[in-house]
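This report refers to the structure that appears directly beneath it.
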Amino acid sequence: MFVAPSDPTNKVKNLKLSQLCELCHSRKAIIKRPKNLQKICKLCFFHVFETEIHNTIVDNKLFYRGEKVAVGASGGKDSTVLACILKLLNERYDYGIELVLLSIDEGIVGYRDHSLATVKRNQQQYNLPLEIFSYQELYNWTMDEIVEVAGIRNSCTYCGVFRRQALDRGAAKLGIKHVVTGHNADDMAETVLMNILRGDVARLEKSTAIMTTSKGSPIKRSKPFKYSYQKEIVLYAHYKKLDYFSTECSYAPEAFRGTARELMKNLEAIRPSCIIDIIYSGEGLVLKPKKPKRQTVVTKNSSKKMKEGNNTTSAKKTEFVDGNRCEKCGYLSSNKICKACMLLEGLENSRAKISIENDTSADGAAKTLRTLENLTF
Amino acid sequence: MVKVKVEFLGGLDVIVGKERIHKVEVTRDDGNAVNVGDLIDYIVAKMIKEKNDVEVFIDNGSIRPGILTLINDTDWELEGEKEYELDDGDVVSFTSTLHGG
């Protein structure tokens, strides 16, 4: 059940001139925009927030008339606001797109089942079609089973790889070639920061793209909330009384991302524009072209080998070829076998070992874990 | 003494017995007007069930960054933050923005 936030009943006394909205100058300002520190009222906030997203969509030509677009819907704040706003803008500006909610059921009892219940309510509230695909039907594994086998520490790795593919496959089954996700400016800033901290320059260059496509894939992805602050998304949901799900995943969040997030939040508290600034920095970074393999630094050890046979080093590394397909499942992959299939293979091997002893699949590992947590001596 | 409504949204309800909306009465011993700072002290002392959960809510002596504080739907930054003097019927809400989308 959704309990909407209460409306304030107390009237403002003695409104000062300095408290007025900086845009309409007639109503009381209720928020200070993190982007530019402008103080604005509720109605002006709705207007600028929606219009900025519309401008992002138009400037980047995200949609074309008649396009079928799937909204990756988790029931969380970002995707809920995204579905709501896209429906609204589609009607207001007549984009002529056809929206579908696309959800992935990872199979996490006590978490995803509840958030999917929210998506099902959203389906009614926004009157949009909803399609749900589960890890169970796509991979024959639920996340609960995966965690039982692979441990909680790796849960985000598995879940991330599988979800990415699941969204693509779900969209393909529906004949949809465009998936939009609710990734916001904070998420993107966090990712840029993480890629810098990890030295992952290959990902760094890609991480600020508003739309990503692969040559071999018919499905493109885009992020209409690229420039939208998390704070404003939450405020929008709050003022519009949107029904969203907000519980942390049963499995621990990625520790590194969590720390990067906290760092971003602390920086934002001091300098709110830093979120948009770091995205801007990310956009400006362009990798210098890779040097040809032969000219790579010759270290002392390898120089001997080079003299013996000069062909040994070059052939080893496989080049990333866009558009290759996995030999097992036919999904896009830079290697012979895609990452999901590799992970699945590892899982199948360990399932064989433990499947006989414990069968908790009905309740799920999350529930088991929580039961354990609640035990006291 | 003031009677106010306090809301814990965006998943924050887990630290206060999983109830989103609470009606509370806050008093001050010295008889001065009760402000939002007093309310926060009250929440920490009386409402948060588990001691470990306090750090979910408080960081460095104030509300943790990433939690949105609204006083009658207005960002508390515009209302003087902890100094805001509460009236009967005021609604103060705390919303976590940190959970996954």
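Placed from the backbone N, Cα and C atoms, the Cβ positions cover glycine too.
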*For the ATP site that TrEMBL assigns to A:Gly72, A:Ala73, A:Ser74, A:Asp78, A:Gly182, A:Asp187, which of A:Ile53, A:Ile97, A:Ile104, A:Ile210 is also named?*
A:Ile104
_Take the binding-site residues A:Ser74, A:Ile104, A:Gly182 and keep those with a Cβ under 8 Å from any chain B Cβ; what remains?_
A:Ser74, A:Gly182
_Same chain only, sequence gap of 6 or more: which residues have a CB within under 8 Å of the CB of A:Ile104 (ATP binding site)?_
A:Gly72, A:Ser74, A:Ile132, A:Phe133, A:Ser134, A:Tyr135, A:Arg163, A:Ala166, A:Leu167, A:Gly170
*For A:Ser74 (ATP binding site), name the DSSP secondary structure in the helix/strand/coil scheme.*
coil
*Should A:Ile104 (ATP binding site) be counted as helix, strand, or coil on the basis of DSSP?*
strand
*Taking helix as H, G and I and strand as E and B in DSSP, count the residues of the domain 'Cytoplasmic tRNA 2-thiolation protein 1 C-terminal' (A:324-354) in helix, strand and coil.*
16 helix, 2 strand, 13 coil
